[in-house]
Amino acid sequence: MALSASVGRASVRWRPADVVEEQEHPVANPWFESVAEAQRRAKKRLPKGVYGALVAGSERGLTVDDNTAAFGELGFAPHTAGLANDKQMATRVMGQDIALPVLISPTGVQAVHPDGEVAVARAAAARGTAMGLSSMASKPMEEVIAANPKTFFQLYWVGDRDVMAAKVERARNAGAAGLIATLDWSFSYGRDWGSPFIPERINLEAVRRYAPQVALKPSWLWDFAKTKKLPDLTVPNMVATPGDKAPTFFEAYGQWMQSPMPSWDDVAWLRELWGADRPFMLKGVMRVDDAHRAVDAGVTAISVSNHGGNNLDGTPASIRALPAVAAAVGDQVEVLLDGGIRRGSDVAKALALGAKAVMIGRAYLWGLAANGQAGVENVLDLLRDGLGSALIGLGHTSIDQFGPGDLVIPPGFERHLGTAGADAPLGNPASSA
Ligand SMILES: Cc1cc2nc3c(=O)[nH]c(=O)nc-3n(C[C@H](O)[C@H](O)[C@H](O)COP(=O)(O)O)c2cc1C
């Protein structure tokens with residue numbers, strides 16, 4: 001059943017967030033009131049293939065679905081009176097003071113918007129938060145860091161230690177505030193709903209295949225036309241020297257597939273190379289035993305994450321794995337969560353289950369597609385305001401006060417991966433090295 005209400009700026013109807021329909025009428029007001037609305041506008045604005053690349057999860061989509069569904073299983077236990085107006089949301093993550101416990105997770109933002117990661121960086125800076133910049137990003141790290149000095153450069157393990165060291169050196173010279181190593185990628189392929197066609201480069205064949213999609217999306221095309229450039233689909237942060245000829249996304253992906261998988265020794269080596277006093281995050285930790293290994297490798301932070309459902313399908317939602325990981329290592333490293341955050345109340349739930357902060361992916365990509373930098377700011381505002389409502393309703397004045405007692409947690413919600421718990425797979429030889 002849909003509910004109607006008036007919230008000042010607009011008369012609105014609430015519907016399940018996952019229902020994303022094409023809008024019948026053109027968008028008159030670029031401001032949107034929910035991430036679901038940003039997603040609808042992104043779907044309307046982007047060519048089908050580009051939109052498909054944003055929503056895609058691997059294989060059956062079990063994990064990408066569970067990431068959002070799990071938040072829906074968690075309820076709140078609000079207070080009635082004695083509530084406060086103060087909303088202390090500032091925190092410190094990876095050595096950076098940030099105004100709210102929401103960071104930008106690294107994503108390759110190919111072809112979503114001509115300003116790409118620079119627009120995202122400006123939006124994050126405007127809202128006082130930090131950003132992860134993907135090594136598959138479309139803008140050089142030097143430009144992004146200039147737009148937001150609170151930028152952490154994210155690396156995949158591509159090539160050997162010498163190649164990695166050269167990229168680390170570039171990030172250091174560019175002034176990256178921290179390093180994020182993302183290792184949870186197993187090259188899974190095949191999506192039941194079909195993978196989008198992503199061209200190797202914009203050539204005649206690509207134009208021919210994309211033309212029918214693009215013709216239906218004039219506002220997206222116009223954004224690029226204004227810059228007199230088409231999306232070039234290269235990844236400029238995959239080279240060691242700024243300005244060197246960048247590989248295409250697929251060339252870089254090919255190099256990555258041929259690289260040896262990194263060991264825990266490699267993680268410790270990378271961490272040390274970056275500098276023991278410099279912030280370093282391992283992203284993609286789902287298991288308690290891996291979290292302990294990350295601590296042993298000397299990381300500053302981990303993100304409990306399944307790559308937004310893009311990795312091994314069937315991995316549980318990251319929010320289900322969070323409590324066990326936070327309980328195990330939360331007093332030794334900063335524990336963040338990413339995966340499925342679509343509203344401020346999701347942020348509150350993650351904090352209540354032990355996260356110091358969260359990172360967002362698709363939510364800001366949809367905002368970027370819908371309205372560029374202002375759209376990303378809009379998304380961050382929605383998350384901040386929703387988090388503020390949760391603080392009020394739960395009778396808190398600071399994000400530090402969230403705890404499990406704020407939540408209604410259904411039996412069996414949590415997953416204790418890599419522990420001796422009943423639902424815990426143990427004895428994986430790959431993880432006991
Ligand atoms: C289109 C897309 C591209 C992504 N690219 C990267 C990447 O280059 N590096 C990385 O560490 N994670 C990448 N991720 C994963 C995100 O950083 C993050 O873990 C995930 O999006 C969180 O889930 P959410 O989208 O539900 O918020 C990507 C995710 C998406 C949707």
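Quick reminder: no glycine exception, Cβ is built from N, Cα and C everywhere.
Remember, TrEMBL labels are computer predictions, not curated facts.
According to TrEMBL, the protein carries these features:
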ACT_SITE  His307  active site, proton acceptor
BINDING   106-108, Ser134, Gln154, Thr182, Lys283, Ser305, 338-342, 361-362  FMN binding site
BINDING   Tyr156, Arg191, His307  glyoxylate binding site
DOMAIN    27-412  domain 'FMN hydroxy acid dehydrogenase'
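Annotated features, which come from TrEMBL, shown on the structure.
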residue: Pro106; record: FMN binding site; DSSP class: coil
residue: Gln154; record: FMN binding site; DSSP class: strand
residue: Arg191; record: glyoxylate binding site; DSSP class: strand
residue: Lys283; record: FMN binding site; DSSP class: strand
residue: His307; record: active site, proton acceptor; DSSP class: helix
residue: Asp338; record: FMN binding site; DSSP class: strand
residue: Arg362; record: FMN binding site; DSSP class: helix
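A Cβ distance below 6 Å to any atom of ligand 1 is met by none of the binding-site residues Tyr156, Arg191, Arg342. Looking at Pro106, Gly108, Gly340, the binding-site residues in this record, the fewest other C-beta atoms within 10 angstroms of the C-beta turn up around Gly108. The distance from the Cα of Arg362 (FMN binding site) to the Cα of His307 (active site, proton acceptor) comes to 11 Å. Nearest Cα neighbour of Gly340 (FMN binding site) among the listed recorded positions (Tyr156, Arg191, His307): His307. Counting in whole angstrom, Arg191 (glyoxylate binding site) lies 25 from Gln154 (FMN binding site) by their C-alpha atoms. Geometry remark: Pro106 (FMN binding site) versus Tyr156 (glyoxylate binding site), CA distance 11 Å. Among the residues the record lists as binding glyoxylate, namely Tyr156, Arg191, His307, the two farthest apart have Cα atoms separated by 22 Å.
Fewest other C-beta atoms within 10 angstroms, among the binding-site residues Arg191, Arg342, are seen around Arg191.
Straight-line distance linking the Cα atoms of Gly108 (FMN binding site) and Tyr156 (glyoxylate binding site), rounded to a whole number, equals 12 Å.
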